[in-house]
Amino acid sequence: MELSYQTLKLTHQAREAYEMRTEARRKNLLILILHYLTQEGYMDAAKALEEETKLGLRRFEVCDNVDLETILMEYESYYFVKFQKYPKVVKKAPDPVENNLPSRSGGKNKRLTNDSCQNLPKICHQKSRPKTSAVKTGDTKSVKEHLKQVKESVTDTQAESTDFGLNISKIHKDQPEEKAQPRRGQIIDFRGLLSDAIKGATSEFALNTFECNPDPSERLLKPLSAFIGMNSEMRELAAVVSRDIYLHNPNIKWNDIIGLDAAKQLVKEAVVYPIRYPQLFTGILSPWKGLLLYGPPGTGKTLLAKAVATECKTTFFNISASTIVSKWRGDSEKLVRVLFELARYHAPSTIFLDELESVMSQRGMVPGGEHEGSLRMKTELLVQMDGLARSEDLVFVLAASNLPWELDCAMLRRLEKRILVDLPSQEARQAMIYHWLPPVSKNHALELHTQLEYSVLSQETEGYSGSDIKLVCREAAMRPVRKIFSVLENNQSESNNLPGIQLDTVTTQDFLDVLAHTKPSAKNLTERYLAWQEKFESV
């Protein structure tokens with residue numbers, strides 16, 4: 001099929017609408033089950049369900065005249081009207097003990113379960129048996145005519161009933177047959193139908209308790225009980241790693257990040273676009289599996305990760321050194337393996353490794369030799385990342401480091417894209433100052449006015465990182481507030497005749513005074529980052 005912009009867009013919207021409906025249906029089922037368990041008094045089971053889903057189901061309640069029992073009764077009534085019999089919802093298990101055990105191949109005695117009979121062909125039972133006793137022996141003509149009648153009766157009997165409960169009558173040849181008229185092909189607007197379906201699904205989803213863009217805290221994770229292939233020890237480690245799945249909403253959008261256009265574009269190419277347009281990312285165009293953000297502290301590396309957690313519909317693992325480093329022998333490499341297995345299990349997912357140099361420093365550089373446990377953990381991490389590169393799982397590793405020259409060379413090879421998140425430019429600094437100190441800013445009951453020359457201040461803040469500029473703006477806004485404290489503390493009388501609070505205007509000179517006492521945190525490291533970029537850059 002020929003690809004076009006409209007086809008890709010409509011395909012993405014249809015897939016997104018289907019996923020939204022499926023997600024809403026699963027959540028509604030869980031809420032219905034929780035409501036039924038609570039109403040029937042199964043409090044322990046309801047508590048276990050709420051803990052395993054980690055959704056906070058108590059925040060929602062079932063609408064009026066809706067419950068699980070009513071839905072089942074309505075289904076039974078519908079089934080009876082359609083098929084003239086009640087549905088069989090449950091059946092007795094042949095052997096519950098043996099069904100839970102893994103099946104072994106090569107055994108002599110094998111039981112045939114009901115699942116193995118599902119693919120057998122259905123036998124069409126005839127309603128009435130054709131009469132054959134009226135045929136006289138030796139009458140060849142009558143036998144042929146009777147066999148023809150039997151064949152027609154069997155055909156009619158088989159066509160009378162279908163698996164869908166429909167009665168079909170045969171059209172006999174003696175009826176007058178209309179002359180077949182040639183019909184022109186009907187023009188069907190598939191694009192319009194698809195667009196209407198998408199709009200209907202989206203509006204239905206929005207009206208059905210949940211919003212179109214749910215928070216990460218409302219994301220329905222797969223239960224760990226379905227995590228196949230792990231023993232009890234691995235299940236415990238999986239529970240430890242699952243605590244670092246980011247289920248909070250940082251509320252950081254792409255537009256909230258000033259600058260960093262190249263980094264945002266590459267993150268979108270690796271995480272967002274492969275999910276939206278999978279047709280484009282095949283073969284040599286497979287998405288990136290690893291991306292390294294390096295640069296001075298306070299330039300927005302972690303902010304990019306928060307934007308990924310907010311904007312991208314992936315399971316976000318926020319991993320630090322304390323997550324995968326253990327004092328027990330062999331547990332560190334097991335934690336690394338479980339981390340990547342969980343990421344594949346919850347795919348599409350993103351693994352964010354902050355302060356990567358604390359985990360993947362260069363091997364063989366420690367005087368006296370590196371600890372054996374640390375070497376095993378690093379080796380396992382490299383092996384797992386190699387497995388990601390060879391697989392088609394939508395698992396992406398996003399790493400951040402302030403000291404990229406301390407990273408192991410093998411890790412650099414696996415991080416395909418390496419982007420320098422440098423100090424903000426003059427335009428970015430001016431936009432940051434305007435964002436934090438606009439001409440009029442109202443914070444609850446206080447209203448702060450400023451008279452700043454933003455272009456002059458952006459030149460004076462050269463060498464400051466984004467966090468440094470935020471600190472300077474906060475200190476400049478705090479100066480007029482300090483005068484309020486002196487008025488409140490010096491007035492010891494019990495009378496309420498205090499003047500109304502009015503903050504002084506923050507001027508350019510106030511900002512420059514704050515700059516004189518607030519120095520940049522990483523100005524001296526700029527040349528070293530640029531030198532490392534010339535050797536190891538990969539954009």
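Cβ from N, Cα, C; glycine included.
Keep in mind that this is a model prediction, so the values were computed, not measured.
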Ranges in play 93-121, 151-179, with Swiss-Prot marking region 'Disordered' at 93-121
The correct DSSP tally for the domain 'LisH' (25-57) reads 28 helix, 0 strand, 5 coil
Using a 10 Å radius on the Cβ of Gly295 (ATP binding site), the other Cβ atoms enclosed count 25
In this structure, the one of the binding-site residues Pro296, Pro297, Gly300 whose CB has the fewest other CB atoms within 10 Å is Pro297
Across Thr299, Thr302, listed as binding-site residues, the smallest other-CB tally within 10 A is for Thr302
Residues sitting within 8 A of the centre of the Gly295, Pro296, Pro297, Gly298, Thr299, Gly300, Lys301, Thr302 CB atoms (ATP site), not counting those, run Leu293, Ala400, Asn402, Val421, Ser465, Gly466, Ser467
Around the Cβ of Lys301 (ATP binding site), other Cβ atoms within 10 Å, all chains included, total 24
Here the mean pLDDT of the domain 'LisH' (25-57) is 81
